[in-house]
Amino acid sequence: MAGKTYINNRDNDLSEGLKQLASYLNIPTGVIQAFKSECFVRRYNKGQIIYYSSDQPTYVYLLLDGIVLRETINEDGDAYRKLNKEQLLFPLNHLFRKIELNEMCTAITPCNVIGIPKDMLEYLCKNHDDIFVTLFEKLNNELELLMEYNMALTTKLARERIEKVLYYLCHAIGYDQDEFYEIKHIMTIQLLSDLAGISRETTGHIVHELKEEKKLIKNGKNWMVIK
């Protein structure tokens, strides 16, 4: 009986995951229902690796909930970090490409993902123009965020760089609460220091200044950034 319950729960999780995928792609669930047996839903604890480099090059993933850190390594060994929250399909830049993906994805909070065969999504793109257009728009949004982060890193003044990286985080993983952005569960001075490439001590001083100026409110790892 316990085994049957587990199978039913897993099937329900997969069905719900497919509904979220269909909503993300802006298509009826029936379009992807036929591929249900080829997909999977998994839960990852904080710190677990979801994929590393070309371990699973045949899948792309929709983050159903939680926050992940993706680190891409180029030919020179430089690492590029990206933080993503729920309702994001990744790695989109792996679609229609045969090259190895030098990327590691780690769960920063507990999270659930649905894995979708890469060739299945490519097939759907080729046969449904609206899916291709949707994914193209999503990829452009991701590239715009990456450009915002890269531009923040080119800023020479420490305070200005910290502020710009904070706003990048607001746009990437924050929640718009009208008068402020809220970044939940993960924010620390060390994380901000790492992402900005500025010492922890300097980052701490700047964060203190922002708090004094009422531009930032900290509640543990939940940070509120005033617009």
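Keep in mind that glycine also has a Cβ here, set from the backbone N, Cα and C atoms.
Keep in mind the model is a prediction, meaning the values are calculated, not measured.
Swiss-Prot lists 41-130 with the feature nucleoside 3',5'-cyclic phosphate binding site. For C125 (nucleoside 3',5'-cyclic phosphate binding site), the number of other Cβ atoms no farther than 10 Å from its own Cβ, over all displayed protein chains, is 19.
The domain 'HTH crp-type' annotation in Swiss-Prot covers 156-227.
Annotation source Swiss-Prot lists DNA-binding region at 189-208. Proximity of distant same-chain residues to the DNA-binding region (189-208), defined by a Cβ-Cβ separation under 8 Å and at least 6 residues beyond the stretch ends, is recorded for 81, 83, 152-153, 158-159, 161-162, 165-166, 169, 216, 218.
In terms of DSSP helix, strand and coil, the DNA-binding region (189-208) has 17 helix, 0 strand, 3 coil.
Looking only at other Cβ atoms within 10 Å, the busiest spot among the binding-site residues V41, L89, V113 turns out to be V113.
G77 (nucleoside 3',5'-cyclic phosphate binding site) has a Cβ environment of 7 other Cβ atoms inside 10 Å. In this structure, V113 (nucleoside 3',5'-cyclic phosphate binding site) is part of a beta strand by DSSP.
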